[in-house]
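> I am attaching a structure below and will ask some questions about it afterwards.
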Amino acid sequence: MTMILTDLPTAIKRSDFASDFLWGVSTSAYQIEGAVAEDGRVPSIWDTFADTPGKIRDGSTGAVACDHYHRWEEDLDLAQSMGLNSYRFSIAWTRIFNGVDATPNPKGLEFYSKLVDGMLARGLQPWCTLYHWDLPQYLEDQGGWNNRATIDAYLQYVDVITKHLGGRIKHWITHNEPWCTAMHGNWDGMHAPGNKSLPLALQICHNVLVSHGRAVQLIRANVPGAKVGIALSLHPVKAASDSAADIAAVSRHDALRNRWFLDVLYGRGYPAEALALVGNDAPKIEAGDIEAIAAPCDFLGVNYYFPEIVQDAPDEYPLRTKIVYPQDRQRTDFGWEVSPEGLITLLERVARDYPTGDLYVTENGSSYDDHLGADGAVTDTARRDYLIRHLAAMRDAIAAGGKIKGYFAWSLLDNFEWAEGYLRRFGLTYIDYATQRRIVKQSGEWYSAFVRGKN
Ligand code: FCB
């Protein structure tokens, strides 16, 4: 396995991968669409959260974002012009129903219908994420994901969408990163709806996973030949030192951060190690839930950004671990460690420990403080190199036997990065927010040349 790439731009070629490998980009509705009050869209928990002073670092909201709701044709043209063959997007639940009475909103359905037709017309295979964090506020007002009625509301939403678009979309992702939905939304409170309670977060996590399992069955019933999966944010966990205490901390941390999801999705129930740590804060589980969550999937989506380095920390409830940030690591401008090796470790680990079927890297990317140069170019060499090194890592994981079938770079466009607002740019395309002009960055040009087999 070689990670020492001497000439980065030419160190890796598309022909190193199977000819039917999927090359795409990933996006999500609230982060790009804007048009939050148009065509009958109702508020989501992210509208409410972003409107609450102090929640978003730059005080911004997704009200306009990349104005993708109006510029979607230009954006799909961009993806096509990069030579991509797939496009991962999410549907805003808030555009599909007007409220609790669950009357479908024809305008919302029409928007996604046009969007999907637009992908197909451009040779982009649509990968649809059904839930990327933007719960309708009217459901939050009735208890949100803590209320099991939300599971039924989600299934109703999934039913409408799959009946409407199932003839045109074969690849379905039930949920994006349930860890973030549950834990950032309800444990550390960094994300909407902003609660700070571990038992609440664990209950929400469980309910979201139940909704996933039940949706798998429903999607299969509605869409013949559907390929269904979930996208998890997974982190390789490493010890901060070689002390026995830090090494023992790795397993405790991994038990909640990764195995809490993987074990239960693959039929092993929640890990005993994590259940023992959370004690009475464990979720209430109803008969049939564990079996429902373990509904067989066709693929696993892996969202990979960085490894977590942990230390033994006896005072930290519940895991008795602490994440540390060693100084000697290469980092993006967001502070996230750059570790292509971590992607190899992670892909090998999930394939070794779980019967995942096909693996897709459904998100991977980096945030840097890009600037539009006087020459009109955005020279983001660090992001380009990040991309090259992670593709090389994926190639090495495949050479080692990994069944990885596709890669979706996060993201097509700079966008609203949740609690960070517009302070973080992850795009292969720069957005000049004042004019909404799109400028393909050096990284986007490289990805395009790579995908076209021209580097
Ligand atoms: C992931 C999210 C995605 C984006 C990236 C940077 O956790 O799924 O929406 O914010 O991080």
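Sequential numbering from 1, following the chain as shown.
Glycine is treated like the rest: Cβ placed from N, Cα and C.
Curation does not apply to TrEMBL; its annotations are automatic.
Sharing the features that TrEMBL gives for it:
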- Gln31, His132, Asn176, Tyr305, Trp410, Glu417, Trp418: substrate binding site (BINDING)
- Glu177: active site, proton donor (ACT_SITE)
- Glu363: active site, nucleophile (ACT_SITE)
> For Glu363 (active site, nucleophile), just count the other CB atoms lying within 10 A of its CB, please.
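The Cβ of Glu363 (active site, nucleophile) has 24 Cβ neighbours within 10 Å.
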> Taking the residues the record says bind substrate (Gln31, His132, Asn176, Tyr305, Trp410, Glu417, Trp418), how far apart in Å are the two Cα atoms that sit farthest from each other?
18
> In the three-state scheme derived from DSSP, which category covers Gln31 (substrate binding site)?
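The three-state answer is helix.
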> What is the separation, in Å, between the Cα atoms of His132 (substrate binding site) and Glu177 (active site, proton donor)?
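Their Cα atoms are separated by 8 Å.
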> Would you mind reading off the Cα separation of Glu177 (active site, proton donor) from Glu363 (active site, nucleophile), to the nearest angstrom?
10
> Helix, strand or coil by DSSP: which one applies to Asn176 (substrate binding site)?
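Asn176 (substrate binding site) sits in a strand per DSSP.
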> Could you find out if DSSP has Tyr305 (substrate binding site) as helix, strand or coil?
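Its secondary structure by DSSP: coil.
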> Cβ within 8 Å of the substrate site's Cβ centroid: which residues qualify beyond Gln31, His132, Asn176, Tyr305, Trp410, Glu417, Trp418?
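The surrounding set, listed in chain order, is Ser28, Glu177, Glu363, Ser411, Asn415, Phe426.
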> Give me the non-local Cβ neighbours of Tyr305 (substrate binding site): same chain, 6+ apart in sequence, Cβ-Cβ under 8 Å, ordered along the sequence.
Ser233, His235, Trp336, Glu363, Asn364, Gly365
